[in-house]
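**Q** Input: one structure, supplied below.
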Amino acid sequence: MAQQEAEIIRPLANFSPSLWGDQFIKNDSDAKVEDKISKTIEVLKEEVKSMLTATGTKMVDTMNLIDTLERLGVSYHFEHEIEEILQQFFNLNTDYNDEAYDLYTVATHFRLFRQHGHRITCADIFGRWRDENGKFHEGLKDDAKGLLSLYEASYLRTRGETILDEALDFTTASLKSIAPNLESPLRRQVEHALVQQLHWGNPRIEARNFISLYEEYEDKDESLLRFAKLDYNLLQMMHKEELHEVSRWWKELDLVAKLPYARDRVVECFFWAMGVYHEPQYSRARVMLTKTIAMTSIIDDTYDAYGTIEELDIFTEAIERWNVEEMKRLPEYIKPFYKALLELYEQFEEELAKEGRSYATHYAIESLKELVRSYHVEAKWFIQGYLPPFEEYLKNALITCTYCYHTTTSLLGVESAVREDFEWLSKKPKMLVAGLLICRVIDDIATYEVEKDRGQIATGIESYMRDNGATKEEAITKFFEIANDAWKDINEECMRPSPHSRDVLMRILNLERIIDVTYKGNEDGYTQPEKVLKPHIIALFVDPIQI
C-alpha cells in the first residue's frame, strides 16, 4: 500500500504558507474602550445628521455632503435619510444644462444618482462640454476637479452610452498628463483614482484612503473627520473580533495540518467577506461567508493540486449524495474535511431555522454540488490534456470561478434575503452572469502564466488563442473588454425599479469589487497575498487610524 501511494503522481502546487500564523487567534478586544468610542460616535452622529437634514441648505451643498459621507465610509449611519434626500432631488428633474452647474457638480450628481439606482441619462447633461465634432473640450484639462468627477462618473456607464466611453478615455488620458503638476491632496486623489477606480474599489479600503485625504482639505469639517476616524476604528474592532472567531474555528478544525497541500488563507477569506459587507448588521453574514469561502478553497485545491482522478470521482459522488455514510468510501486524507463540511451546514441550518430560513442552506448546498461537478470536469480535462473550445471552456469556467456559489452563500446570513432571492440566483440572472464573467476573465488573466508553468493547458487564455488565432496580448485585451461590458450590465441591473432589494444587489456588486482589488495589476492576490492583499489586511484589521 505504501509503495502504491508512493507511485501516485500528484499535481502539487506548493502554495506558500499563511502570512499571519496565529496573529488573529488572540482576542485583544477591550469592551470598555469600545463602549467609550460608541458613546462619542453617537454624539457626533447626531451632529452630522443635523448637517444632513438641515432645512434651507442648497441642493449642491447637500449632495457634496452625501458624497463626503459615502467616501468617508459613514453613510451607512444615514441610509434612510440619504435615500429620501436623493429621491426628492431626483424628482426635481434639475436642468443640468444650466450654466450654474459646473462639470464637477453635474458629474458628481450623476454618479450619486446612479450609485443609488436612479435612472439619470447621460447624453443630455454632458453634451455641453463637447465641441461640434463631438470631442470633449481641450480646455477641460484646466479643470482637474471636474475631470476627476467625470472620470469617476463614467464607471457607472451602461451599454450603448458612448458619451461615457469617450469621457473615460478622455479623462484618463487628461488626468495622467496633468497629475504631476497638481497640488496635494488633489494630486494624491487623482493618482489613487487612476490606479483604483472609486466604483470598483473596496468601500473600507477607499474609506481609509479618503480619510487621510480629507484630513488635508482646507475646508474639512473637524467633527465629521473625527466621526469618520472613530467609526472606522470601532468597525475595525468588530471586524477583528469576527476574524478572531473564524481564525479560532479554522485552527480547531486543523485542516491545514491534515491537508498540507491546500492554501491556508482564512484571513484572506475574511478580507473577501468583509468586502462584501462591512456594516455592523452583517456580522453573522461575514462569519458564515468566510467559512464557506475557506472550505471552497480546500475543495478547489483538492481538485486542482492534489487529488487523483479516481479519488476525485469518489469525492464528487460523495458531495452529490451529501450523506455522512459516504465517508466510508472516501480516501482517508479527505474524510475529516468532508465531515467538517457536512457539520458546518448542519450548524447553518440550525441557526437559520430559528428565523424560518433553513431553506437557504438547500440553495447553498445545491450550488456547491454544481461547483464540485464543474471542478470534476476541469480535473478530467487536465488529466486528459484536453483543451476545450472557448465556448465549452467558458460554460464550465463560469461555475468554477466559485461566484455562483459564493453569491448564494453571501446571502445565508442576510436576514432580509428571502426564498425568491435564492430562487432568482439559481436561475443565473443577467446580473449574476455578468458577475461570473468578471470573476472568470480577471482571474484567468492573473493566473495564466502560473497555470501554464504547472502544465495546465485548459485555460481560458489558451482556449481563446486557439479558437481565434490570437496572441496572448490579444486574448488579454479581449478578456478586459468582456469584463468592462459585464460591469456595464451590472450597472444596468442595479437601476430601479428592481424586484430585488438593494441589500441583495449590493452583494453582487461588492463581490465584483473584491475581484478588482484582489487581482490588481494582474496579480493573484489570494494565492500570493504578500504584495497585493497584505497592506490592505494590515490597514483594515491591524492598524487603527490615529485620532
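Residue positions begin at 1 at the first shown residue.
Glycine too: its Cβ is placed from the backbone N, Cα and C atoms.
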**Q** With Swiss-Prot as the source, identify the stretch among 200-204, 300-304, 425-429, 495-499 annotated motif 'DDXXD motif'.
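**A** Going through 200-204, 300-304, 425-429, 495-499 one by one, Swiss-Prot gives motif 'DDXXD motif' for 300-304.
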**Q** Short question: which residues 6 or more past the ends of the motif 'DDXXD motif' (300-304) have a Cβ under 8 Å from it?
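**A** For the motif 'DDXXD motif' (300-304), the sequence-distant neighbours (Cβ-Cβ under 8 Å, at least 6 residues beyond its ends) are 11, 13, 15, 259, 261-263, 312, 315, 334, 337, 372, 375-376, 378-379, 402.
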**Q** In angstrom units, rounded to an integer, how far apart are the Cα atoms of Asp443 (Mg(2+) 3 binding site) and Asp300 (Mg(2+) 1 binding site)?
**A** 14
**Q** What are the DSSP helix/strand/coil residue counts across the motif 'DDXXD motif' (300-304)?
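**A** Its residues divide into 5 helix, 0 strand, 0 coil.
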**Q** Taking just the CA atoms, what is the gap between Asp304 (Mg(2+) 1 binding site) and Glu451 (Mg(2+) 3 binding site) in Å?
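**A** One finds 10 Å between the Cα atoms of these residues.
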